[in-house]
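> Annotations per TrEMBL:
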- 1-17: compositional bias 'Basic and acidic residues' (COMPBIAS)
- 18-27: compositional bias 'Low complexity' (COMPBIAS)
- 23-117: domain 'TF-B3' (DOMAIN)
- 1-33: region 'Disordered' (REGION)
- 126-149: region 'Disordered' (REGION)
Amino acid sequence: MERKKLPEREGVHETQSKKSSFSKSLSPGQNWKSKSMRIIPEEILRSTPEAFEHRVVFTVPWNNSWQLWLQGDKNCLFMIKEDWDEFVDDNLLASDDTLHFTHQGTMYFQVRIFKKDGKEIISAPLEVEPPHNSHQETTPASASGGGRKSFAHVENPERYLFNPSNPYFEKTLTKTNTALYVSTPVVKKYELEFGPRNSSMHFLLPDGNKMEGFNKIYSGLHAFLGWADVCQKYNLKQGDTVVCEFELSRRVVTAVRVHFVTASNSASVRQTSRGRQSFGHVENPERYLLNPNNPYFEKTLTKTNSVLYVSPPVIKKYGLEFGPHSSSIDFLLPDGSKMEGFTKSYGGLYGFLGWAAVCQKYNLKPGDTVVCEFELSRGVVSAVRVHFVNE
């Protein structure tokens, strides 16, 4: 993680400058995930109101970028919590950091991160930098909040491999698991090659299922999107450990075979704080459907539920189509009411904003399970009918 000095006279409070820029730093009692940190300053909105209708895109000096969707609230415009929290987690923001935002045109901002000593961060945070051990993707950690151990080293990891000759690495999950990164030492050790950016690959799971992923490159680091869907489906949490085995075709990675080391995936049933069971699999989910011919999927709520995402395997299975970005859909609820939502597309994943309001109104919590039934109009998703499984 490289640093350079903060330029003199750089603003350190949320103020508008002549260059359409502003800064954010924490006041007493705040943290980076406070709602006030997610607001777009009114002065910026007044200067270019047409640029911020639906989203903003943040870019940092090491060329990573984040797309953050916006929502209005009492004459203010906020970045939605899930997207902002991901930006905060990915950049390991500390309480004494300062963020400087410069408007680059339309919805784009350059973001510069300064530490307490005034030095700017100009390379990826340490969490995503290549570690020293070619097989080891994280450093030692204490037991996770759920009481499970976090392993920095797996004893005899080769015993998990489907093919002992395949390249592999160990991965202990951190707080943010949006993408599965492959460190440079692993790439060099096995002379791995990867498909083009956004090309398809697969995650092969212990139960015989496979889930689609996509090749990405961030600051020279190779990674696979779709990892968040794997973690969600199999209830993988911070501190859990997996062995990732590469399947190759002429030295090009075509799939990642995931082996669970810590026994905490969704095959086990756990209790929520409200005493209800959370299910990784719903027995006979078709019995909940209003129309048994409708496409559907099962969803177990996680800690963050701002958006209802639809995984690529579900889309491919049913040949689903979606309306334009920010077009309206409806959530149809068991009590006969409906709530408005909006179509969102991010990194090849489709989802629906408005899901957080549904969860709040019906007191849905992490671990609760629903069956989501799609209503179609000429093949395009027009509504999601929500069925509560574990009330």
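Glycine is no exception: its Cβ is also placed from the backbone N, Cα and C atoms.
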> In the predicted model, what is the mean pLDDT computed over the domain 'TF-B3' (23-117)?
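In the predicted model, the domain 'TF-B3' (23-117) has a mean pLDDT of 84.
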> Please list, for the compositional bias 'Low complexity' (18-27), how many residues fall into helix, strand and coil according to DSSP.
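Its residues fall into 0 helix, 5 strand, 5 coil.
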